[in-house]
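Contents: one structure, followed by commentary.
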Amino acid sequence: MVNIIWVSLTVIGLVFAMCNGTLQDVNEAVFKGAKEAITISFGLMSVLVFWLGLMKIAEQSGLLDIFSRMCRPFISKLFPDIPPDHPAMGYILSNLMANFFGLGNAATPLGIKAMEQMKKLNGNRSEASRSMITFLAVNTSCITLIPTTVIAVRMAYSSKTPTDIVGPSILATLISGIGAIIIDRYFYYRRKKKGR
């Protein structure tokens, strides 16, 4: 479906440019956009490689395990349906740690694995379990300490102070994270009260 939308937008844009006489502008924009995409990609890759390397060092030194153990009691309360030693809990913690350090691209496969494990716990039903809904809410609004991708994009566009976004980002993600947990709990207890 998304492919159809993209192709439709492209075709409509090209037809409109031909009718409007601005096909030359479209041509220039395509090449300029391709150049920018390469520049931004290399900037993002370098920052991602750096932070993924730091995460690997933290993992091998045991720092990630210590941090995960510190977070486990809180995470266990968020996901009481999941046994503490279940693989889903490990994937959830790893996903949240990756998001916490602004590594959204690294967090995605961990999130998918967590969902697969929770689906197994749910008996492979098509309806999402309470834990799956909570994970989606928390994952979408996860608190981010270092917004790595945003910093990389700001660096690619020659920002003089690319890390100025850190403070506002922490505040915004803290508010959204707390808000997501409150809303998730509200609807959970409301549904529980109705007996569903």
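Each Cβ is built from the backbone N, Cα and C atoms, and glycine gets one as well.
The feature transmembrane segment is assigned by Swiss-Prot to 1-21 (among others).
Sequence-distant neighbours of the transmembrane segment (37-57) (same chain, 6+ residues past either end, Cβ-Cβ under 8 Å): 64, 97-98, 101-103, 105-106, 146, 148-149, 151-153, 155-156. Among the features that Swiss-Prot reports, transmembrane segment is placed at 37-57 (among others).
As annotated by Swiss-Prot, transmembrane segment applies to 133-153 (among others), with the evidence given as sequence analysis. Here the transmembrane segment (133-153) has Cβ contacts under 8 Å with residues 40, 43-44, 46-48, 51, 78-79, 92, 95-96, 99-105, 107, 111, 114-115, 118, 162-163, 165-166, 169-170, 173-174, 176-177, 179-181, 183-184, 188 of the same chain, all six or more residues outside its ends.
Annotation comment: Swiss-Prot describes 163-183 (among others) as transmembrane segment, evidence class sequence analysis.
Counting same-chain residues at least six beyond the ends of the transmembrane segment (163-183), those with a Cβ under 8 angstroms from any Cβ of the stretch are 78, 137-138, 140-147, 150-151, 154.
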